[in-house]
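These notes concern the structure reproduced below.
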Amino acid sequence: MNMLALTIILPLIGFVLLAFSRGRWSENVSAIVGVGSVGLAALVTAFIGVDFFANGEQTYSQPLWTWMSVGDFNIGFNLVLDGLSLTMLSVVTGVGFLIHMYASWYMRGEEGYSRFFAYTNLFIASMVVLVLADNLLLMYLGWEGVGLCSYLLIGFYYTDPKNGAAAMKAFVVTRVGDVFLAFALFILYNELGTLNFREMVELAPAHFADGNNMLMWATLMLLGGAVGKSAQLPLQTWLADAMAGPTPVSALIHAATMVTAGVYLIARTHGLFLMTPEVLHLVGIVGAVTLLLAGFAALVQTDIKRVLAYSTMSQIGYMFLALGVQAWDAAIFHLMTHAFFKALLFLASGSVILACHHEQNIFKMGGLRKSIPLVYLCFLVGGAALSALPLVTAGFFSKDEILAGAMANGHINLMVAGLVGAFMTSLYTFRMIFIVFHGKEQIHAHAVKGVTHSLPLIVLLILSTFVGALIVPPLQGVLPQTTELAHGSMLTLEITSGVVAVVGILLAAWLWLGKRTLVTSIANSAPGRLLGTWWYNAWGFDWLYDKVFVKPFLGIAWLLKRDPLNSMMNIPAVLSRFAGKGLLLSENGYLRWYVASMSIGAVVVLALLMVLR
């Protein structure tokens, strides 16, 4: 257990070494340092896990030093290990190591090879700080760290202005959520005098027993932070554009780890949310709406990575739904299995993109199953897990637990939303697979091979099957137990969800394996074009936010750039200057001008006297 800090220190050392190498190292040396540091962190995590189970799954705390101490305000840099943080740590370092190994192959020949691994090592260190922190402020440090790394990696190919814009968009939108999280910190410390997770849960019931509604505001702010980082409604607009980064980044940050940080935040502060059931129910509604909207958006995308981005948004929606119906174990279980099959799909999509000479439009591909059979198998298994194909995939078991939790706790409407989402998931997933790997070959794909390419894919492929579902997160005693569904009802639900998934796959085969005449006619109809455009543009949220927030903000910025306050202060000076110029013109030395001026002045004075009388 004393090795807990090494899971942060090792990737941090890798970051420092790679950063100071300034690209002078060869790709092999950079890969050894970048991949090796994360691999060692994963190995340390394995030792920690063995020790954790050997000691009866007891919560362990490792104080490192006092971070801040001002009067009564004391924040320690303390790490905590329990079943929840161990699960997250295993996902971050384990799946992270596999993705780093794959990236050492994928990024070969790219400019900034060592810079890439420096950023990803810093990300792993920040993510580990986030999941091991024993207090909200230390978690916030890791939270901001992963946000910075996300920005750097989305804009990795910074010479293209579009990538820079995508990075800035992700940074700004997620910062909105971070502001909400900061407000939550202020409220909770002001009310409870501590930010330690355990102490907050212990003090909250007595402190808020008198009906103080500040706890509701605090949990709403926590939810605001969670939806920003986890790309949920209404702060979901950044994730699809984040696909501008290298594909291993999409797998590491925007599928398996960082985007699930919001789920972890709510799970870690579950004691506070249980005291505000209205906010907890809102969490479930946010998840249900997001999973449906993202599912329809994924159905019409043409970019292979954007399909997977919207599917990520949708699957995190399932996790939020699970949290909202108090199916805590199911949420974390799905977080883990999702990391397996979504990392597999993203890495396999990277192989497709390289094999097709960096083409990402699925309609310009086709017939690739013969050229890259291993990648095709990865897509089949990963797609089946994403679609929750019954019995043989990890996704089936975790998603069914979520639906069972919703049904057992009386949230039938959310369960129905989950079933509709399951149908949409299987439909858009196998639409992508059938278009890319079946039909007529439209592009000559070259073979992709190599140990560092194939080994991570094979490991993730195995974990995406029912084998991954055998890994049960040790959450007993950390999160409240989920209400269990009666055996008969559970069997009915499993059959129903299985049928829904299979029907979605069969419908996808009928629509996209043949000549696609029906799909074409629907797409070319007036309603089809309207809905297709609407869904393709993610329900118009970007357009709405541009009109409501971006354009007014830019208008205000344009106005402030010209310093209106200073201009107003100059008005008296300008008027005085014009008056002075007028008086100078009147002093011209002509007698007739003076007589005329006096006459006009006299007439004006007489007129005023007559009017005022």
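Cβ from N, Cα, C; glycine included.
With respect to the membrane, Swiss-Prot annotates D303 and I443 as residing on a common side. Counting Cβ pairs under 8 Å to the transmembrane segment (249-267), the top-ranked stretch among 211-228, 282-300, 374-397, 455-472 is 211-228. Note: the stretches the transmembrane segment (116-133) and the transmembrane segment (211-228) are not in contact (fewer than 3 CB pairs below 8 A, sequence gap of 6 or more). For the topological domain 'Periplasmic' (134-210), DSSP puts the residue distribution at 62 helix, 2 strand, 13 coil. Residue counts for the topological domain 'Periplasmic' (398-413) under DSSP, helix first, then strand, then coil, are 13 helix, 0 strand, 3 coil. Cβ atoms under 8 Å from those of the transmembrane segment (282-300) belong to residues 220, 223, 226-227, 232-233, 236, 240, 266, 273, 306-307, 310-311, 313-325, 406, 411, 413-414, 417-418, 420-421, 424-425, 427-428, 431, 532, 535-536, 538-539 of the same chain, restricted to positions at least 6 beyond its ends. Ranked by the number of CB pairs under 8 Å to the transmembrane segment (455-472), the listed stretches 32-52, 75-99, 211-228, 374-397, 414-437 are led by 374-397.
Predicted-model confidence for the topological domain 'Cytoplasmic' (301-306) is 93, expressed as mean pLDDT.
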